[in-house]
Amino acid sequence: MTETVLSIRNISKSFGGIHAVRDVSFDVYKGEVLGLIGPNGSGKSTLFNCVLGQLKPDAGGVTVTGQDVAGKRACELSKLGVGRTFQQLSVFPEMSVLDNLILAGQEHRGSMFSRLFGPSDAGLTEEADRMISFFRLGHLRDELAGSLSYGQQKLVDAAMAFMANPALVLLDEPAGGVNLTMLGHLKERLKTYNREHETTFVVIEHNMEFVMSLCTRIVVLAEGAIIAEGTPEEIRANQTVIDAYLGS
Amino acid sequence: MSDFLQLIISGLSTGSIYALAAIGFTLLWQASQTINFAQGEFVMVPAFFILIGSRVLGLPFPIAIGFGLAVAVFTLGFVFKRLVIQPMLPHGHLPIVMATIALAILMRELVKEFYSAEAQTFPALFSEQTFDVFGAVISHQDIGNLAVSAVAIIALQLFLGRTRTGRSMQATAQNPGVAEILGVNVQRMVLYTFMINAALATLASVLISPIYLAKFSNGEPIGLVAFLAAIVGGFNQVRGALVGGLLIGVIDNLSAAYLSSEYRIAGPMILLIVIILLRPQGLLGTSEGRTV
Amino acid sequence: MKQLKILGLVAILAGLIIAPFTQATYGTYVLSSWLVFTVAAMGLNLTLGYAGQISLAQAAFMGIGAYSTALMTMAGLPWIASVVVGMGLCFVVGLILGYPALRVQNHFLAFVTLAFTTLAFLVMRNEEWLTGGIYGLVGVPRPSVAGLSLMDGTRYYFFTLGVFILASLSFWWLVNSPWGRAFKGLRENPIRANSLGVDTRLVTLLAFAIGAAYGGLSGALMAPLVQYIDPMSFTLIISLKILLMVVVGGSGYFFGPFLGAGLVIMLPEFLRFAEAYYLMIYAALVVFLMVVCPSGLLGLLSRGIAAIRSREPAERGDLKEGAQL
């Protein structure tokens, strides 16, 4: 039995009279790349936000490496070892790529006061440089993140999520708006990172091709409940899933 | 009791004038996210345009008002939008805050140096005769001010809700992107909003100047009260600014009568802080929503 | 480039040391006043420029610092004790004033801090038993260092310069430390920063508190300089003046407030010929400046440099590779 990183237990959440998520449970194990898919309005985002502690579920709970995330602020979640990327562009535009990455790691180094009196880069330049070259952004190291292309900023966003060496990374529509060349590059890098570091990923994504080729296991939601779960091949062949997507 | 009633009615009367300034303020905010720190001066200055028309150019008073209105709509509406606000819009709030603050100082100084530093009497539209209601002394002016403000606000609401241009303006305020796609000339609608703000300010100026006299330094308290009214009522609503204006008018009148004069302004200030902290969307406003 | 910068700094410092000997008493006084206001503007630059939280309360913090110093030194306590108290007080009040920033931003925050400044002014004006009311406090002594009295204007200038250099160096350290990066993160993208482990709540409060403490220090330097303080020195207009220093110089740039304070303090001296029209010209200049360069003078400069650099035709292989990504 491998180690459980993320455990979702009987989550329910409704808004007004609408049940966005109904009694959903599943576990994600160390080193897995789990895809969370489903048609629009299937409850993916609600579930995602419950995991991030941004929504409080009506029932059930979420634990990450055994710790309850309920009521945790984003920065506390980060300290628990949860990294994330954002659907929209989410870099620090007026800071260099290097500074973006150092900022992504510095809060996990030492105490507040050791950071104030310690070195300016919190001792992270080397690690940030390694991350930058891992994502092949070396030539952009000292450029302002805001001046990068859309795809490049997505890479920076992803790189930032890894700087604190998290146990779990939540990828919120990583493929959205990224061109094909860049998409291949992003996918390949994510896979490599996953293999090298055994970091667990949970991916929400609309781009089926991307999900199928990146993930090791997929959970399909429809109308707030899990309708299927399995390897990409199983999901591809699953009639219930096809029906749900076609809306019949 | 009759004193109290009297304070309420005269409070509502000045409050309705504040509401005019506050509504203009929120309109600018909605249309272009402009916080006009010179709004008080926008109310102070038109009185002087009118005085120039009547005293310097020798126009009859009603025509002088028309003259003042035209000059105000041109300078405080058109020129203000095109030459001052427009270039700064892409650069966030701060430059606009600084520039409108400086503009307020500029307008004050211009009036002081080129017209007069003394308070000027200003002809009243209504007689100062009074009548008694349950022992409260109420002036024609109070009632007149209330009536004129009410008519102006109703007319504005009708314009915004019932005419094509008005609806286009509202669409622009709610979502400029979509409005643009629907074929609305967004820049023009924003310009109209600025001109309407200038017209409302002129009206407020005409109504308030007979009470407080026309003076270069009048803008500061009026502007502050307009901000307060807008914040109390909620920034994204005309109705809110109206209620906010009336409320502030009454509270100000009551606190002037019952609180120590040294801390008179502290009352509204504390109210402001409390409202911003507890209900940043204002008493009537709806949440603008924070993006996550 | 780096050597050039250091050389420039040394030259400026040398200039500041020689300056009072070339000036009459009044010139030295203006220079001292520039140093004092730069410290206040530096603090606001942290709150506004680095951390992105607008504040119209800096004059109130100067007031708190100035009154603390005046009251304590007039009671015979040493200046340094009054600085500790004044800055500590400002830090605490700054923390409290930071709380609204956790809920509201932009114009709302501007109004809350504006209201705070007005309230602080009312207390200074009305609580005569403590502050002397509208007449203020007269006869604030200047401190002595190692038995050397600083009553002389030039000596006090050097004292101010010393404190100013200390304050600048600490500021430099702060904004270049990881804390500075966290402040900028808060300004640029608070949600992302929070998700990366930056405690944005704490950072916001600290940005206010540290900025306020600099305001307090500035006040503590100002009281002995002018030797007479009254509520009119700490009104909203003064807050705006400090805000102007930051914005005109270039908010978020280390040297922005130095330049901005210089302009705002010196401009009246240059506009003396205009006499009554001075404030008018001044205001018109501000409007003009905001319209043509909203990011301040240093912002304009750095954009200019960036534009010149990007025009360099050097074609680099790695850039080509990057362009494909």
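Glycine is no exception: its Cβ is also placed from the backbone N, Cα and C atoms.
TrEMBL lists B:6-28 (among others) with the feature transmembrane segment.
What TrEMBL records for B:59-80 (among others) is transmembrane segment.
Per TrEMBL, the feature transmembrane segment maps to B:92-111 (among others). Outside the transmembrane segment (B:92-111) by six or more residues, the chain places 33-38, 40-41, 44-45, 48, 80, 84-85, 216-217, 219-220, 223 with a CB less than 8 A from a CB of the stretch.
Within the chain carrying the transmembrane segment (B:143-160), a Cβ under 8 angstroms from the stretch's Cβ atoms is held by residues 12-14, 16-17, 19-20, 23, 125-126, 166-167, 169-170, 196, 200, 203, 207, 238, 242, all 6 or more beyond its ends. Feature annotation from TrEMBL assigns transmembrane segment to B:143-160 (among others).
Residues or ranges marked as transmembrane segment by TrEMBL: B:190-213 (among others).
The transmembrane segment feature in TrEMBL is assigned to B:225-251 (among others).
Sequence annotations record features per position, and here TrEMBL assigns transmembrane segment to B:263-282 (among others). Listed as Cβ neighbours of the transmembrane segment (B:263-282) (distance under 8 Å, sequence separation of 6 or more from its ends, same chain) are residues 224-225, 227-228, 230-237, 240, 244, 248, 251-252, 255-256, 288.
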Legend entry - Long-range neighbours of the transmembrane segment (B:6-28), counting only residues six or more past its ends (CB under 8 A): 34-36, 39-40, 42-43, 136-139, 141-143, 145-146, 149-150, 152-153, 156, 173, 193-194, 196-198, 200-201, 203-204, 207-208, 211, 222-223, 225-227, 229-230, 233, 235-238, 240-242, 244-254, 257
Legend entry - Outside the transmembrane segment (B:225-251), six or more residues from its ends: residues with CB under 8 Å to it: 7-8, 11-27, 29-30, 39-40, 43, 153, 156-157, 160, 267-268, 271-272, 275-276, 281-286, 288
